[in-house]
């Protein structure tokens with residue numbers, strides 16, 4: 001594993017080496033502070049003052065060098081501006097290319113400066129995070145708030161890039177004015193919708209976007225979806241360009257996500273009634289609902305492996321499996337077979353392509369819109385979770401066509417089967433396989449006689465970005481792990497070996513994730529049984545109640561990601577959420593002589609909402625161990 005200190009040492013420019021933050025020294029200082037406070041040699045106030053002063057000095061070093069380099073770039077742009085004015089005045093078109101290349105060289109130097117700022121900004125964020133983690137103190141909030149808002153702030157040039165953006169603007173404007181060799185120059189300010197198609201400008205824009213994206217709401221959604229890692233790739237590492245990106249294919253992945261979530265929850269309001277109609281107990285609805293999630297455990301494995309070679313075929317297979325599963329689910333009523341019913345739900349779970357949907361966004365969407373696509377993934381999931389029960393509430397009718405029964409129990413299956421047929425047709429017509437798969441297939445076809453083309457292509461082609469991403473994630477874990485055992489470098493050869501590689505914090509988070517999902521599934525699957533038994537609720541009422549619960553997912557995530565995590569430590573949020581889930585579950589029990597609607601609704605809201613908070617905390621990539 002490669003930690004950030006090693007990444008910084010290997011990626012920094014040699015000629016600027018002395019101007020980077022000394023991350024290794026600060027990391028050692030943090031360890032010393034911890035030891036000194038534990039031994040009683042220093043109190044927390046002394047440590048905070050010394051660490052603040054040290055960090056101020058490191059940031060000042062970076063900022064002063066940044067300002068110097070910005071001045072050099074500005075001087076070069078000023079001289080080039082004079083040359084451009086002379087060319088324009090004398091209409092010397094022959095020298096335009098030479099001046100344009102000089103501007104582009106300035107742009108490339110600006111990209112180097114942006115990467116310098118990015119590396120230092122990442123180092124500052126990481127050392128603050130490490131300090132908070134080791135001391136259990138929210139020092140980052142204090143430091144950023146006092147430094148960023150000060151009139152003499154030195155954080156603003158790093159995190160706001162005001163001067164750099166001004167240089168980038170001057171560069172873009174002058175390159176745009178040289179775009180037309182005939183002299184009818186176009187101003188980027190008069191025509192803001194016009195995008196300058198220049199590779200250097202695109203590199204600059206991508207670098208600026210990378211520096212600024214982490215404070216946006218869309219990034220939070222992407223991290224919650226486990227698509228965008230905390231430290232995303234730079235523009236030079238991003239393998240997806242605008243030409244290879246296909247918007248309709250992205251939409252089809254989001255539609256697949258939405259339909260699958262609808263498919264999961266559309267049967268919840270009527271599952272108890274369906275099981276009773278087949279001669280089983282109402283509580284068997286828990287098995288019916290949960291069987292889909294059980295099958296999804298297995299489908300995620302083969303879909304993840306399949307997505308190494310194709311996205312189109314897994315999505316087609318997903319639609320076919322879900323169509324078949326829903327047809328069996330609907331036919332189980334006329335066949336009077338609980339086995340067929342459960343088999344249908346198992347087939348639906350085996351058609352879960354959520355791993356493919358996440359992977360497509362991560363690998364096949366350009367960096368500049370990947371955050372929006374990630375937000376769309378989370379939004380589609382939340383909307384599907386709410387629409388499923390709501391749609392079930394509208395299907396309160398009964399009729400027959402020949403020998404096939406259509407009622408509130410079977411209609412969810414028939415509706416979803418039609419939806420998946422439509423999705424399959426749309427997929428077949430509109431989906432475009434990413435270019436790297438198309439190239440791989442072409443190479444495989446040409447080298448089929450040798451017998452080695454396929455394996456070589458998989459190992460040398462697609463495997464590379466996956467390994468890069470894995471190394472980035474491992475680097476984050478290594479940076480947070482002070483004791484890096486040798487065993488962690490070895491590949492796991494069995495489930496037991498993989499389990500031994502898990503750190504205690506990961507084991508705890510996996511246990512939390514399992515328990516919260518267990519609590520949520522119990523709440524949802526037994527809601528119709530409980531409400532019918534105690535309150536005599538109709539299917540429509542249960543559907544509305546579950547839809548309202550589903551609608552809380554997105555706002556809860558927004559509040560937690562945008563506000564709560566800035567006020568409290570992640571560990572505190574997790575502990576408080578666990579306590580609230582426990583309170584919600586305990587308050588749902590029937591203790592007294594009566595059991596009212598208010599008690600059940602409040603307890604369900606507490607359990608569901610704080611389980612969502614727990615899910616955000618236990619799956620967010622930025623959460624410390």
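Yeah, the Cβs are placed from backbone N, Cα and C, and that goes for glycine too.
For the domain 'SPX' (2-145), the mean pLDDT of the prediction comes to 83. The domain 'SPX' annotation in TrEMBL covers 2-145.
For 250-268 (among others), the entry in TrEMBL reads transmembrane segment. Sequence-distant contacts of the transmembrane segment (250-268) (same chain, at least 6 residues past either end, Cβ-Cβ under 8 Å): 274, 288-289, 292-293, 311, 315, 318-319, 322, 326, 329, 345, 348, 351-354, 356-357, 360-361, 364-365, 373, 376-377, 380-381, 383-385, 387-389, 391-392, 412-413, 415-416, 419-420, 423, 426-427, 430-431, 524-525, 527-528, 542, 546, 550.
Distant neighbours of the transmembrane segment (280-303): 264, 267-268, 271-274, 314, 318, 338, 341-342, 345-356, 517, 521-522, 524-526, 528-529, 532; these residues of the same chain sit at least 6 beyond its ends, with a Cβ under 8 Å from one of its Cβ atoms. Annotation source TrEMBL lists transmembrane segment at 280-303 (among others).
Outside the transmembrane segment (315-332), and at least 6 residues removed from its termini, the chain residues within Cβ reach (under 8 Å) are 252-253, 256, 259-260, 263, 267, 274, 278, 303, 306, 338, 340-341, 343-353, 356, 404, 410-414, 416-417, 420-421, 423-424, 427-428, 431. Taken from TrEMBL, the feature transmembrane segment covers 315-332 (among others).
Here TrEMBL flags 369-391 (among others) as transmembrane segment.
The transmembrane segment annotation in TrEMBL covers 411-429 (among others). Sequence-distant contacts of the transmembrane segment (411-429) (same chain, six or more residues past either end, CB-CB distance under 8 Å): 252, 255-256, 259, 262-263, 266-267, 270, 312, 315-316, 319-320, 322-323, 326-331, 344, 391-392, 395, 397.
As annotated by TrEMBL, transmembrane segment applies to 541-561 (among others).
Here TrEMBL flags 573-591 (among others) as transmembrane segment.
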* Structure fact -> In DSSP terms, the domain 'SPX' (2-145) comprises 128 helix, 0 strand, 16 coil
